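Okay, so here's the structure we're looking at.
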Amino acid sequence: MALRGSVAELPGVGHPSPGWKSPLVPPDSQMDVQGYRWVGWRVWLCRLGAVLSLGLLLLLFTWRPRFAVMARCSPCPLSLAHVLLLRDSLGHNYVVQVLTEEVEDGSSELVEEVEENREWRDTVQLHNEQKSLLRFYQFEGLRYIWLPRKGAFCPVSVLNEEWTCSDLYRFQSGLSPLEQNSRQQVYGPNLITVPVKSYMSLLVDEILNPFYIFQVFSIALWMADNYYYYAACILVISLLSISISLYETRKQSVTLRKMAQLITTVKVRRSTGDVFLSSEELVPGDCLLIPPEGLLLPCDAALLAGECMVNESMLTGESVPVLKTPLPTGDSRFSSEGHRRHTLFCGTQLIQARGGAVAVVTSTGFFTAKGDLISSILYPQPINFRFYQDATKFLLLLGGVAVLGTIYSVVVLSMSNVTWGELVIRTLDVVTIVVPPALPAAITTGTIYAQRRLKRQGVFCISPPRINVCGKVSLFCFDKPHTESVAVVRRFPFSSSLQRMSVVAAPPGGRPAIAIIKGSPEMVTSLCLADTVPPQFSGVLDDFASRGFRVLALGYKVMGSDTELGTIEREAVERDMRFLGLFLMRNLVKPETAGVIQTLRQAQLRTVMVTGDNILTAVNVSRSCGMVGSEDRVIFVQASPPDGQLPPTLSFHQEDRGASGTHGSTEVHTWGLYQSGVSYHLAVNGKSFSAICDHFPEYLPKVLMRATVYARMAPDQKTQLVKELQKLNYRVGMCGDGANDCGALRASDVGVSLSEAEASVASPFTSKVNNISCVPLLIREGRCSLVTSFSLFRYMALYSLIQFSSVLILYTVKTNLGDWQFLFFDLFLVTLLAIVMGRGGPSEELHPRRPPASLIALPILGGMFLHTLFNILGQTGALLITASQDWFVQLNSTESGAANLPNMEETSVFALSGYQYIIMAVVVTKGYPYKKPLYHNFLFLGLLLIFLGVMTWLVLYPGPVFAKLLQLYTYPDMTLNMLLVSLAALNFLTCFLMEVWLLCYAQPVHLPCFSSI
């Protein structure tokens, strides 16, 4: 039994580290770690097995690293492990080596701050003295160190996760050279290293891919069966494909490395004086002196003195510079997200620094904001989408069909008295036919076309597989973006968690300084003297907010003449204020917004507003844009956590009456709310949302199902909302500005950042059009891409089954398709049709029903089965009609396979199967209501007509040249040729009508079924 340790369950490890987000794993996932030690005799036994199996064992170990570890190693405690087997929540396995490094005694003391004793160290006797060894491993760029008291390997960032703001200010005097050296041994170099493999290494990786192993096996098999031309063409195409893949892969790696690599000279304060050093040597705790002209920041750092104007567009997509101010002192735990206004992120451009800017390094390497984003590109999270999961299952199903075909081939070929060599070759050939190796590549063509169309419309995508996910979005969240700007002497910037900002101004003439505060009315009045707040304040505020104004409150106070403005704390500035009044701004809905919301609602897509504004303002805006109907009722949900002896409370208030229901009446409201036909919308603010999550989880799903307005939501609450909606099986889209909404954008299934930047790593999609008109476009393109992927998948599978059927039928009569016939069907006819099938574009309207995403569904599997059955009947019918002719002579040859071409039987099957490839391309190409009709895809339609004409020509009169090239038999009677064409027409009619019937059965809504093509 392997001894295990959990990474994500460790205290503190699951919390966000001083970086963009938690650098370990997503908060809702776990990484299981198992320890193993090398066993000498097992290693040598595996080497012997590799030799005896001619390398097949090594190939298996390459595809399944877990088998390699279990074969060569034995389980052991993590503290003694040489090798670790990592398993994530999705079941993926990774193997890493445990590394050791001698460290100075000061380095061990650094870790002891976490371990609280010296038990963390392994010791070895070297030259009669004890040396400390640091045990660690690297995974996806991150360093994990061994901490025995925790019983697991932890990310090295755990050493500084608990730093408070006061701790950071203590580093202002600078580290000593010994401290810096010790920290660098533990943390490692400050580098974001993107591996760039050599062409030879990439070639080996590519060749060892199961796809190419299967291709090599197939080519060898075809060569052995004398299909030289076909094998040579596939070999050339495979080599060309590998070459292009290697070039593109290395080019992308080089480009990403250039983007990630940042080495510069920085000025750092040491306990012995200021020094200049390479940014590679920076460690958490270093005191960084920022020049007035700014710099491109090589690490994450907390600003302790001065002010910095920063361009964060690389991270957020937001091109407006952000002002960073000094971190407040205190014992609160530092968090880069919670103290975002005081944090300088790696990769951002410091445009200007004023007032002697000083910052303390908080994260380096892949633990920084930039490192995390580079990691998300290098190691993207798998997309949990049913279509991709079902594609794998469907391939396994085709594998089962191949097994049945193999059994049939063995039986038939054995009766034909073929040699054992021919039997093995022909039987294995069936497997290469029924499992199409080009299938994974073919289904991506629709996504590629959609990505190009989106780019032309100003929508950029960095994750193409997400385009198909857009087709299944059922709920879209919208933020109502806004901006803030101020300018005076001392400023405490706006924070979404504090809901306010304040400034201190020093008027000329020696007059006393004045502090001014601006923020949410509720927060500002709580900081003002009670006698300065008018008694009618609440009523006036509600009136203005309900009329759609965005309301801010203002307050001020005169500072004492002896106040030290340079060091005064924020809390001291913002208490005992005097209320000044309310500042009103009209929230004007953009002209496009109402139309977009109406379009989404008509398409049965639920729309939700998630904003930081006042709840009444948000409700008014939601009515203005059409999220809430003019006659719909809004119920405000209010929840509060326990307060002293008082239990948590949950109440509902109707907008029109203002009457409050107690917790005891909640069930009555709930019972009435969730009946069909009742037009209610719930509105909830951030505090109530958190209270419901923590204290009323049983009501959370009901609130989420009917809430349309979420107000006063902090960035982390937006992210939590997205995840809670996903738990209810919603496919959630999020549209925001890419800054405060970054977490929610990345957590959603489809995140759209509205930004002037061409692309932003804050979300999969970036729109240069600064309004939400891109959302219907994205959903239409997603539905079109998903339907196209379905069509291509079905077409490639049916193409394989048609050819599979042809080969088995021809095996029965001791013949087979010829070399050039395979080339004509596979490379020219099918490949060209598959490439252009994805063109045409999406429908101009959004239909209320979303397209299916499951390949393993009864209509899909049933349709595939019936199409295959009709195609087999068509080919068998062609063979029987040919055999019924008076002049027919049955094949009676001692040869088998393609060696006895041309013959009457094979030519009839060739004719029908050629038509069937064209027929299936027409039948499975869906149009309405997700794609434009087929006639809009001019290139596809043109190829269909060309290939239809070519096949008719080959059936009626191919001529001596092409008849010889394709090894076709020329029938003496044109009547048979016409019968074959008529049979193909009947085959098309039956398959087309059956597909239309299935379409109506699969989508039991009022659709004009014959408009599907």
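Every residue gets a Cβ built from N, Cα and C, even glycine.
So that you can see what the record holds, here are the features copied from TrEMBL:
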REGION    1-23  region 'Disordered'
DOMAIN    28-146  domain 'P5B-type ATPase N-terminal'
TRANSMEM  41-63  transmembrane segment
DOMAIN    170-222  domain 'Cation-transporting P-type ATPase N-terminal'
TRANSMEM  207-223  transmembrane segment
TRANSMEM  229-249  transmembrane segment
DOMAIN    264-376  domain 'P-type ATPase A'
TRANSMEM  394-418  transmembrane segment
TRANSMEM  430-450  transmembrane segment
TRANSMEM  792-811  transmembrane segment
TRANSMEM  823-841  transmembrane segment
TRANSMEM  853-873  transmembrane segment
TRANSMEM  907-925  transmembrane segment
TRANSMEM  937-956  transmembrane segment
TRANSMEM  976-1000  transmembrane segment
Seminar exercise, completed: If you count CB pairs under 8 A between the transmembrane segment (853-873) and each of 207-223, 907-925, 976-1000, the winner is 976-1000
Exercise. Looking only at residues six or more beyond either end of the transmembrane segment (907-925), which have a C-beta under 8 A from one in the stretch?
Worked result: 791, 794-795, 798-799, 802-803, 805-806, 809-810, 817, 821, 825, 829-830, 833, 837, 867, 871, 874-875, 877-879, 881-882, 934, 940, 944, 947-948, 951, 954-955, 966, 968-969, 971, 980-981, 983-984, 987-988, 991-992, 995, 1013
Exercise. Other than its close neighbours in sequence, what residues sit by the transmembrane segment (41-63), given a CB gap under 8 Å and a spacing of at least six beyond its ends?
Worked result: 71-74, 208, 210, 213
For this session: Provide the three-state DSSP residue tally for the domain 'P-type ATPase A' (264-376): helix first, then strand, then coil.
Result: 21 helix, 49 strand, 43 coil
For this session: Give the residue counts of the domain 'Cation-transporting P-type ATPase N-terminal' (170-222) per reduced DSSP state, in the order helix, strand, coil.
Result: 37 helix, 1 strand, 15 coil
Exercise. Apart from its near flanks, which chain residues at least 6 from the ends of the transmembrane segment (823-841) lie with a Cβ under 8 angstroms of it?
Worked result: 229-230, 233, 237, 438, 442, 445-446, 448-449, 453, 784-785, 788, 791-792, 795-796, 799, 803, 817, 913-914, 917-918, 921, 925, 927, 931-932, 934, 936-937, 939-940, 943-944, 947, 966
Seminar exercise, completed: Sequence-distant residues near the transmembrane segment (976-1000) by C-beta distance (under 8 Å, 6 or more away from its ends) are 859, 862-863, 866-867, 870-871, 874, 877-878, 881-882, 885, 908, 911-912, 915-916, 919-920, 922-924, 926, 952, 955-957, 1007, 1009-1010, 1012-1013
Exercise. In this predicted model, what is the average pLDDT of the domain 'P-type ATPase A' (264-376)?
Worked result: 88
